[in-house]
Amino acid sequence: MRVITTIAELRTARAALQGTTGLVPTMGYLHEGHLSLVRRARAENDHVITTIFVNPTQFGPSEDLTRYPRDLPRDLALLEAEKVDLVFAPDVSEMYPPGFGTFIDVGPIAAPLEGAARPGHFRGVATVVCKLFAITSPHRAYFGQKDAQQTLVIRRMTLDLNLPVEIVVCPIVREPDGLAMSSRNVYLNPEERRAATVLFRALRAVQERFAAGERNGDALRAAMRAVIDAEPLARADYVSVADLDDLHELETVTNRALASLAVRIGTTRLIDNCVLEA
(Lines of atoms letter the chains of each structure in order from A and count residues from 1; the text may use other names and numbers.)
(Lines give C-alpha, C1' and ligand atoms only; values in the text may rest on other atoms or scores of the structure.)
Protein backbone atom coordinates (compact mmCIF):
# COMPACT_ATOMS: atom_id res chain seq x y z
CA MET A 1 0.00 0.00 0.00
CA ARG A 2 1.32 3.40 -0.97
CA VAL A 3 0.45 6.61 0.90
CA ILE A 4 0.51 9.73 -1.26
CA THR A 5 0.06 13.38 -0.30
CA THR A 6 0.41 15.29 -3.58
CA ILE A 7 -1.79 15.39 -6.68
CA ALA A 8 1.20 15.04 -9.01
CA GLU A 9 2.43 11.87 -7.30
CA LEU A 10 -1.09 10.43 -7.17
CA ARG A 11 -1.57 10.94 -10.90
CA THR A 12 1.73 9.19 -11.64
CA ALA A 13 0.81 6.24 -9.43
CA ARG A 14 -2.71 6.09 -10.87
CA ALA A 15 -1.37 5.96 -14.43
CA ALA A 16 0.55 2.79 -13.55
CA LEU A 17 -2.59 0.91 -12.45
CA GLN A 18 -3.96 -1.43 -15.10
CA GLY A 19 -7.60 -2.54 -15.15
CA THR A 20 -10.49 -1.08 -13.17
CA THR A 21 -10.14 1.22 -10.17
CA GLY A 22 -12.59 1.83 -7.34
CA LEU A 23 -12.48 5.02 -5.26
CA VAL A 24 -13.59 5.26 -1.63
CA PRO A 25 -13.57 8.93 -0.53
CA THR A 26 -13.48 9.41 3.27
CA MET A 27 -12.73 12.04 5.88
CA GLY A 28 -10.81 9.48 7.92
CA TYR A 29 -11.39 8.18 11.45
CA LEU A 30 -12.51 5.01 9.74
CA HIS A 31 -15.11 2.60 11.11
CA GLU A 32 -16.76 -0.57 9.88
CA GLY A 33 -19.06 1.44 7.60
CA HIS A 34 -16.08 2.83 5.69
CA LEU A 35 -14.43 -0.58 5.58
CA SER A 36 -17.57 -2.11 4.07
CA LEU A 37 -17.17 0.34 1.17
CA VAL A 38 -13.51 -0.59 0.80
CA ARG A 39 -14.37 -4.31 0.72
CA ARG A 40 -17.06 -3.74 -1.89
CA ALA A 41 -14.59 -1.75 -3.99
CA ARG A 42 -11.98 -4.46 -3.53
CA ALA A 43 -14.42 -7.14 -4.70
CA GLU A 44 -15.54 -5.21 -7.79
CA ASN A 45 -12.29 -3.68 -9.08
CA ASP A 46 -8.70 -4.56 -9.85
CA HIS A 47 -7.43 -1.69 -7.70
CA VAL A 48 -8.71 0.45 -4.82
CA ILE A 49 -7.85 4.05 -4.00
CA THR A 50 -9.01 5.48 -0.67
CA THR A 51 -8.83 9.19 0.09
CA ILE A 52 -8.54 10.66 3.57
CA PHE A 53 -9.27 14.37 3.64
CA VAL A 54 -11.25 16.40 6.17
CA ASN A 55 -12.72 18.82 3.68
CA PRO A 56 -13.02 22.32 5.18
CA THR A 57 -15.38 23.65 2.50
CA GLN A 58 -18.22 21.38 3.62
CA PHE A 59 -18.18 22.63 7.23
CA GLY A 60 -20.07 25.73 8.33
CA PRO A 61 -18.45 28.38 10.56
CA SER A 62 -20.09 26.99 13.72
CA GLU A 63 -19.56 23.31 12.88
CA ASP A 64 -17.01 20.78 14.13
CA LEU A 65 -14.14 21.11 11.64
CA THR A 66 -11.45 21.66 14.26
CA ARG A 67 -12.67 18.90 16.58
CA TYR A 68 -13.54 16.37 13.88
CA PRO A 69 -11.78 13.15 14.96
CA ARG A 70 -8.53 12.28 13.22
CA ASP A 71 -6.18 9.30 13.58
CA LEU A 72 -4.18 8.79 10.40
CA PRO A 73 -1.86 6.01 11.67
CA ARG A 74 -4.86 3.93 12.75
CA ASP A 75 -6.65 4.60 9.46
CA LEU A 76 -3.61 3.52 7.45
CA ALA A 77 -3.29 0.28 9.43
CA LEU A 78 -6.94 -0.54 8.74
CA LEU A 79 -6.58 0.20 5.03
CA GLU A 80 -3.40 -1.83 4.72
CA ALA A 81 -5.24 -4.81 6.23
CA GLU A 82 -7.88 -4.40 3.49
CA LYS A 83 -5.18 -4.42 0.78
CA VAL A 84 -5.89 -0.93 -0.53
CA ASP A 85 -3.49 0.00 -3.33
CA LEU A 86 -3.21 3.77 -2.90
CA VAL A 87 -4.16 6.14 -0.08
CA PHE A 88 -4.38 9.81 -0.97
CA ALA A 89 -4.09 11.99 2.15
CA PRO A 90 -3.44 15.57 1.01
CA ASP A 91 -3.10 18.72 3.07
CA VAL A 92 -5.72 21.44 2.70
CA SER A 93 -3.24 23.58 0.73
CA GLU A 94 -2.83 20.78 -1.82
CA MET A 95 -6.57 20.64 -2.51
CA TYR A 96 -7.28 24.36 -2.11
CA PRO A 97 -4.16 26.33 -3.06
CA PRO A 98 -4.06 30.13 -2.82
CA GLY A 99 -6.40 31.68 -5.36
CA PHE A 100 -8.75 28.69 -5.53
CA GLY A 101 -12.19 29.99 -6.49
CA THR A 102 -14.26 27.38 -8.36
CA PHE A 103 -17.18 25.69 -6.59
CA ILE A 104 -20.00 23.45 -7.79
CA ASP A 105 -23.65 24.28 -7.09
CA VAL A 106 -25.70 21.16 -7.74
CA GLY A 107 -29.10 22.90 -7.66
CA PRO A 108 -32.45 21.97 -6.08
CA ILE A 109 -31.48 18.49 -4.82
CA ALA A 110 -29.01 20.16 -2.45
CA ALA A 111 -31.52 22.66 -1.02
CA PRO A 112 -33.74 20.78 1.49
CA LEU A 113 -32.90 18.72 4.60
CA GLU A 114 -29.12 18.75 5.13
CA GLY A 115 -28.80 21.59 2.63
CA ALA A 116 -31.22 23.76 4.61
CA ALA A 117 -29.67 22.84 7.96
CA ARG A 118 -26.08 23.26 6.75
CA PRO A 119 -25.91 26.05 4.13
CA GLY A 120 -23.00 25.58 1.75
CA HIS A 121 -22.40 21.99 2.86
CA PHE A 122 -23.20 20.32 -0.45
CA ARG A 123 -21.35 23.01 -2.40
CA GLY A 124 -18.25 21.85 -0.54
CA VAL A 125 -19.08 18.16 -0.92
CA ALA A 126 -19.71 18.39 -4.67
CA THR A 127 -16.56 20.43 -5.23
CA VAL A 128 -14.22 18.11 -3.35
CA VAL A 129 -15.75 14.95 -4.84
CA CYS A 130 -15.48 16.39 -8.35
CA LYS A 131 -11.82 17.22 -7.68
CA LEU A 132 -11.17 13.72 -6.33
CA PHE A 133 -12.78 12.19 -9.41
CA ALA A 134 -10.57 14.37 -11.63
CA ILE A 135 -7.43 13.47 -9.68
CA THR A 136 -8.00 9.71 -9.32
CA SER A 137 -9.92 8.87 -12.54
CA PRO A 138 -11.90 6.00 -10.98
CA HIS A 139 -14.19 3.65 -12.85
CA ARG A 140 -16.44 3.40 -9.79
CA ALA A 141 -16.84 5.43 -6.59
CA TYR A 142 -18.37 4.08 -3.38
CA PHE A 143 -20.58 5.96 -0.92
CA GLY A 144 -22.73 4.97 2.06
CA GLN A 145 -26.53 5.14 2.11
CA LYS A 146 -26.35 6.79 5.55
CA ASP A 147 -25.62 10.05 3.73
CA ALA A 148 -28.61 9.55 1.43
CA GLN A 149 -28.92 13.14 0.22
CA GLN A 150 -25.19 13.28 -0.44
CA THR A 151 -25.49 10.27 -2.74
CA LEU A 152 -28.26 12.04 -4.69
CA VAL A 153 -26.16 15.20 -4.95
CA ILE A 154 -23.17 13.25 -6.23
CA ARG A 155 -25.28 11.29 -8.72
CA ARG A 156 -26.76 14.57 -10.03
CA MET A 157 -23.33 16.18 -10.36
CA THR A 158 -21.90 13.11 -12.11
CA LEU A 159 -24.82 13.01 -14.55
CA ASP A 160 -24.91 16.74 -15.27
CA LEU A 161 -21.15 17.07 -15.79
CA ASN A 162 -20.89 13.84 -17.83
CA LEU A 163 -18.32 12.39 -15.46
CA PRO A 164 -17.38 8.82 -16.48
CA VAL A 165 -17.75 7.38 -12.98
CA GLU A 166 -20.25 4.76 -11.81
CA ILE A 167 -21.67 5.74 -8.41
CA VAL A 168 -22.16 2.73 -6.12
CA VAL A 169 -24.26 3.23 -2.97
CA CYS A 170 -23.73 0.69 -0.20
CA PRO A 171 -26.02 -0.24 2.73
CA ILE A 172 -25.85 1.43 6.13
CA VAL A 173 -23.71 -0.45 8.66
CA ARG A 174 -25.14 -0.40 12.18
CA GLU A 175 -24.05 -1.13 15.72
CA PRO A 176 -25.82 -4.11 17.37
CA ASP A 177 -28.39 -1.73 18.93
CA GLY A 178 -29.19 -0.13 15.57
CA LEU A 179 -27.17 3.10 15.76
CA ALA A 180 -25.74 3.89 12.34
CA MET A 181 -21.96 3.88 12.41
CA SER A 182 -20.51 7.38 12.20
CA SER A 183 -17.18 8.99 13.02
CA ARG A 184 -19.14 11.51 15.11
CA ASN A 185 -20.41 8.79 17.47
CA VAL A 186 -17.10 9.21 19.31
CA TYR A 187 -18.40 12.56 20.63
CA LEU A 188 -21.17 10.85 22.64
CA ASN A 189 -20.77 10.22 26.37
CA PRO A 190 -22.25 6.94 27.72
CA GLU A 191 -25.63 8.48 28.53
CA GLU A 192 -25.83 10.20 25.13
CA ARG A 193 -24.75 7.00 23.41
CA ARG A 194 -27.73 5.18 24.94
CA ALA A 195 -30.05 8.01 23.89
CA ALA A 196 -28.69 7.99 20.32
CA THR A 197 -30.58 4.78 19.56
CA VAL A 198 -33.61 7.08 19.27
CA LEU A 199 -32.80 7.61 15.59
CA PHE A 200 -33.07 3.92 14.80
CA ARG A 201 -36.15 3.58 17.02
CA ALA A 202 -37.83 6.45 15.16
CA LEU A 203 -37.08 4.81 11.81
CA ARG A 204 -38.39 1.50 13.08
CA ALA A 205 -41.59 3.25 14.19
CA VAL A 206 -42.18 4.78 10.76
CA GLN A 207 -41.45 1.46 9.07
CA GLU A 208 -44.02 -0.25 11.31
CA ARG A 209 -46.66 2.39 10.53
CA PHE A 210 -45.91 2.08 6.82
CA ALA A 211 -46.08 -1.73 6.95
CA ALA A 212 -49.46 -1.42 8.70
CA GLY A 213 -50.78 0.54 5.73
CA GLU A 214 -50.24 4.20 6.70
CA ARG A 215 -49.51 6.28 3.61
CA ASN A 216 -50.18 9.83 4.86
CA GLY A 217 -46.93 11.77 4.91
CA ASP A 218 -47.81 13.89 7.93
CA ALA A 219 -48.80 10.82 9.94
CA LEU A 220 -45.56 9.05 9.05
CA ARG A 221 -43.48 12.09 9.98
CA ALA A 222 -45.41 12.39 13.25
CA ALA A 223 -44.59 8.77 14.08
CA MET A 224 -40.87 9.58 13.93
CA ARG A 225 -41.20 12.85 15.81
CA ALA A 226 -43.14 11.22 18.65
CA VAL A 227 -40.29 8.80 19.32
CA ILE A 228 -37.72 11.61 19.29
CA ASP A 229 -39.84 13.86 21.52
CA ALA A 230 -40.04 11.06 24.10
CA GLU A 231 -36.24 10.99 24.49
CA PRO A 232 -35.15 13.79 26.88
CA LEU A 233 -31.63 14.10 25.46
CA ALA A 234 -32.78 14.29 21.83
CA ARG A 235 -33.85 17.29 19.78
CA ALA A 236 -35.03 16.88 16.18
CA ASP A 237 -33.50 19.11 13.51
CA TYR A 238 -35.88 17.63 10.96
CA VAL A 239 -37.94 14.57 10.14
CA SER A 240 -38.76 13.87 6.52
CA VAL A 241 -40.75 11.51 4.34
CA ALA A 242 -39.72 12.54 0.86
CA ASP A 243 -39.61 11.51 -2.76
CA LEU A 244 -36.59 9.31 -3.42
CA ASP A 245 -35.58 11.20 -6.54
CA ASP A 246 -35.97 14.90 -5.73
CA LEU A 247 -36.55 14.92 -1.93
CA HIS A 248 -39.77 16.94 -2.00
CA GLU A 249 -41.92 16.18 1.05
CA LEU A 250 -44.74 13.78 0.24
CA GLU A 251 -48.37 14.30 1.21
CA THR A 252 -49.07 10.68 0.31
CA VAL A 253 -46.63 7.84 -0.28
CA THR A 254 -47.81 5.99 -3.38
CA ASN A 255 -44.84 3.69 -3.90
CA ARG A 256 -41.45 4.37 -2.33
CA ALA A 257 -40.13 7.13 -0.09
CA LEU A 258 -37.05 8.13 1.87
CA ALA A 259 -37.68 8.50 5.60
CA SER A 260 -34.84 10.54 7.07
CA LEU A 261 -34.06 12.52 10.20
CA ALA A 262 -31.40 14.64 11.83
CA VAL A 263 -31.27 14.65 15.62
CA ARG A 264 -29.08 16.45 18.14
CA ILE A 265 -28.00 14.37 21.11
CA GLY A 266 -26.42 16.92 23.42
CA THR A 267 -24.09 18.85 21.12
CA THR A 268 -23.70 16.01 18.60
CA ARG A 269 -25.76 16.03 15.43
CA LEU A 270 -26.56 12.62 13.93
CA ILE A 271 -28.43 11.60 10.78
CA ASP A 272 -30.06 8.37 9.61
CA ASN A 273 -32.58 7.15 7.07
CA CYS A 274 -34.41 4.20 5.60
CA VAL A 275 -36.37 3.52 2.43
CA LEU A 276 -40.11 2.91 2.77
CA GLU A 277 -41.19 0.48 0.10
CA ALA A 278 -44.59 -1.08 -0.46
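Along the chain as shown, the residues are counted starting at 1.
The backbone N, Cα and C atoms fix where each Cβ goes, and this holds for glycine too.
As written in Swiss-Prot, here are the features:
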ACT_SITE  His34  active site, proton donor
BINDING   27-34, 144-147, Val173, 181-184  ATP binding site
BINDING   Gln58, Gln150  (R)-pantoate binding site
BINDING   Gln58  beta-alanine binding site
Task = Please report the number of other Cβ atoms within 10 Å of the Cβ of Met27 (ATP binding site).
result = 17
Remark   = In all the protein chains shown, the tally of other Cβ atoms within 10 Å of the Cβ of Gln150 ((R)-pantoate binding site) is 22
